Amino acid sequence: MKFISVLALGATATSVLGASIPVDTQVEKFLIELAPGETRWVTEEEKWELKQNGQDFFDITDQDVGFTAAVAQPAVAYPTSIRHADAVNAMIATLSKENMQRDLTKLSSFHNRYYKSDYGKQSATWLQQQVQAAITASGANRYGAKVASFQHNFVQHSIIATIPGRSAEIVVVGAHQDSINGRSPMTGRAPGADDNGSGSVTILEALRGVLQDQTIVQGKAANTIEFHWYAGEEAGLLGSQAIFANYKQAGKKVKGMLNQDMTGYIKGMLDKGLKESFGIITDNVNASLTTFVRMVIKTYCQIPTIDTRCGYACSDHASANRNGFPSAMVAESPIDLLDPHLHTDTDTIDYLSFDHMIQHAKLIVGFVTELAK
């Protein structure tokens with residue numbers, strides 16, 4: 001998760017079709033999209049300079065020729081009332097702050113989780129093992145639930161956990177797993193406890209909660225459920241772009257995607273005299289799905305919401321949106337009050353509230369169950 005940028009873009013942006021390949025072939029270049037149709041070729045170093053200045057982007061270097069970003073999404077009817085309160089409340093009762101603290105302590109202990117580093121590969125492997133353990137412990141694997149790697153052209157892989165339902169329509173919850181030290185991406189210490197270890201372990205604990213429901217475990221939910229952990233988000237939403245482009249090409253149907261990017265920091269709100277709240281992202285999301293998310297929060301969570309905007313390509317929900325799938329995003333706070341330690345070696349567990357992270361986990365359990373069951 002990053003702040004909306006007011007950075008003035010020095011180079012002239014061009015359309016994707018008009019973006020010529022850079023002449024200098026000695027330095028690797030990447031094609032990035034800073035706004036719809038506005039692209040530029042940059043070096044890896046220039047990528048991180050943009051990030052340090054708060055400018056988000058899609059890295060579209062490997063985008064298929066002929067790809068067209070979705071300008072509209074198919075209409076989806078979302079529930080307008082709560083239907084599974086007893087089941088959701090039973091699952092919520094099993095959520096554990098202790099589990100999240102244990103998992104985040106381990107996940108943030110990797111030197112970094114940079115998408116090109118061995119640490120990024122090791123952390124993804126460890127995370128996938130925890131997902132597999134949750135599935136196996138629930139017995140859902142006996143009914144077709146599974147976890148799989150989604151490989152990329154860099155060493156860190158994305159992770160997809162699938163709990164089959166009666167239909168192939170998919171309800172997705174996602175979070176990016178990588179971290180970055182903005183000053184030294186490859187070798188710098190980047191615990192990434194909040195950005196985005198918090199989101200990664202929050203959805204992991206929510207998965208454990210969802211797997212307490214035998215209807216879901218036994219594949220009897222109306223829709224299929226997927227939990228995603230994306231690789232390479234910091235480098236331009238690489239993992240989520242690849243997955244949702246693959247889904248688009250395969251003709252998969254996604255009923256809704258909820259993104260969790262930074263779920264643990266509340267000090268910024270409290271210091272401003274605000275109540276602890278969710279930050280509801282209102283730009284580059286599906287309005288109807290966001291309305292549904294508000295209903296889930298009001299029913300199952302104990303904190304209010306504040307509307308906020310995060311800008312173009314700010315996190316992985318934008319990849320779903322760009323490929324024509326309805327998405328929503330809920331952050332730990334309004335964007336201007338996010339954790340100031342992100343992308344540094346001080347993004348540690350010490351600054352986080354696990355009570356707040358439990359609120360996010362409750363949201364996820366409610367979202368998945370009300371939409372899939």
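The backbone N, Cα and C atoms fix where each Cβ goes, and this holds for glycine too.
Taken from Swiss-Prot, the feature Zn(2+) 2 binding site applies to ASP195, GLU234, HIS343, supported by similarity to another entry. Neighbour list (HIS343 (Zn(2+) 2 binding site), Cβ cut-off 8 Å, at least 6 residues apart, same chain): LYS51, GLN52, ILE180, ASN181, GLY182, ALA190, ASP195, GLU234.
Marked as disulfide bond by Swiss-Prot: CYS310-CYS314.
Under DSSP, ASN196 (N-linked glycosylation site) is assigned to a helix (H, G or I) in the three-state scheme. Take the CB of ASN196 (N-linked glycosylation site) and look out to 10 A: across all protein chains shown you find 33 other CB atoms. What Swiss-Prot lists as N-linked glycosylation site is ASN196 (among others), and the listing cites sequence analysis.
As annotated by Swiss-Prot, N-linked glycosylation site applies to ASN286 (among others). Long-range Cβ neighbours of ASN286 (N-linked glycosylation site) (same chain, at least 6 residues apart, Cβ-Cβ under 8 Å): GLN73, VAL76, GLY256, ASN321, PRO326, SER327, ALA328.
Residues or ranges marked as signal peptide in Swiss-Prot: 1-18.
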- At the Cα level, what's the spacing in Å between ASN196 (N-linked glycosylation site) and CYS314 (disulfide bond), rounded? 13
